[in-house]
Amino acid sequence: MFEFEITSNCSNTKARTGIFHTPNGKVNTPKFMPVGTMATVKGISSKQLTSTGSEMILSNTFHLHLQPGEKLVKESGGIHNFMNWSKPILTDSGGYQVFSLAKLNNISDKGVEFKNPRDGSHVFLSPEKVIKIQMDLGSDVAMAFDHCPPHTANENDIEDSLQRTHSWLEKCIETHQKSNQALFGIVQGGKYPRLREYSAKFTSSFDLPGIAVGGVSVGEAVEDIHSVINYVPKFLPINKPRYLMGIGSLREISLAVANGFDIFDCVLPTRLGRHGTAFLNDERLNLRNARFKNDFSPIDKTCKCETCKSYSRAYLHHLIRNDEILGLTLISLHNIAHLLRFTNAISTAIKDNCFTNDFAPWKTSSIAHHTW
């Protein structure tokens with residue numbers, strides 16, 4: 001039911017193209033996943049999301065457990081029916097909230113007790129409970145519960161959290177009983193090569209349908225991010241999809257693909273879009289800026305998204321300056337389409353044998369310019 005088919009390999013790097021087959025369709029890799037934390041990509045309908053070329057989205061177990069609750073989602077027919085999205089969905093386990101809500105939680109080997117950010121009530125999540133929630137949600141891919149420590153933690157504390165992550169993975173595997181849902185394990189270990197190697201080998205030993213690398217882009221130096229991207233893949237199985245969590249910048253995606261990663265997610269396209277910032281190649285345009293008031297060109301003349309085909313920078317500037325909801329929708333749509341266009345261009349470049357780890361196809365001097 002779940003199969004990862006490698007369709008081409010790059011002769012210059014470790015990049016590859018592939019197809020990840022799921023019960024709700026296939027994902028052509030490398031591929032960016034838009035983030036729909038609450039079973040919605042903020043401000044965008046499922047139909048609009050389809051128009052961007054999105055093939056898989058991410059939702060969050062922790063937040064959906066709090067509201068509306070997994071039982072209601074299951075009663076609706078599962079998360080696909082609930083949000084009217086027929087393509088693959090991956091649910092994050094809530095491990096990131098162990099990091100982001102650190103001041104509101106208490107961690108033990110059994111799980112994490114959270115203070116509900118909505119009403120202050122106490123919520124306990126164990127690895128077993130996290131898996132049961134995801135089984136009720138009915139996502140295509142469930143993530144194992146992991147402990148994502150802050151990047152400032154010392155090596156001993158990182159190692160302690162790693163042992164917890166590995167113990168939780170074993171409990172997740174024991175609990176997971178859903179044949180039409182894949183379970184991915186998560187590699188942790190901070191910036192320490194010894195711990196990353198240990199975690200990658202441990203996680204790989206279970207022969208799961210896919211493997212993720214977490215604890216990246218959580219405030220650490222760019223050099224540390226690149227070190228993990230360069231180092232970890234050599235310890236991961238070649239025949240499984242590799243998911244690099246929380247990465248959405250073009251430079252890091254390009255470097256990650258060059259090292260053999262396949263799937264990526266990030267909130268930046270919609271977070272920046274909601275504040276009026278649009279992607280243009282490797283630039284970011286703040287459309288709130290007065291210089292766009294009389295600019296009647298699209299965000300990107302080469303982009304075929306609905307926003308660029310239909311609206312000018314001047315109109316988007318007007319919407320954002322007047323806090324019109326349509327503005328955040330249109331810019332978010334473009335930003336998502338831009339990242340998907342980028343990963344699609346990478347795929348073409350790999351197949352045409354012109355991909356490099358500093359991929360920038362919008363430059364006319366690039367040998368991969370035809371992919372853009």
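Glycine residues also receive a Cβ, built from the backbone N, Cα and C atoms like all the rest.
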20-24, 65-69, 75-79, 270-274 - the one Swiss-Prot records as region 'RNA binding': 270-274
Among ranges 106-112, 134-140, 246-252, 281-287, whichever one Swiss-Prot labels region 'RNA binding': 246-252
Further substrate ligand in Swiss-Prot, beside Asp92, Ser93, Gly94, Gly95, Tyr96, Gln188, Gly215, within candidate set Asp146, Asp157, Asp262, Asp265: Asp146
Secondary structure at Asp265 (active site, nucleophile), reduced by DSSP to three states: strand
Long-range environment of the region 'RNA binding' (246-252) - Cβ separation under 8 angstroms, sequence gap at least 6: 32, 96, 214, 216-218, 225-226, 229, 264-269, 282, 339, 342, 358-360
Cα-nearest neighbour of His334 (Zn(2+) binding site) within the listed recorded positions, Ser93, Gly94, Tyr96, Gly215, Asp265: Asp265
Separation of alpha carbons, Cys308 (Zn(2+) binding site) and Ser93 (substrate binding site) (Å): 35
Inter-residue Cα distance where the pair is Asp265 (active site, nucleophile) and Gly95 (substrate binding site), in Å: 15
Integer mean pLDDT for the region 'RNA binding' (246-252): 96
Structural state census, the region 'RNA binding' (270-274) (DSSP three-state): 5 helix, 0 strand, 0 coil
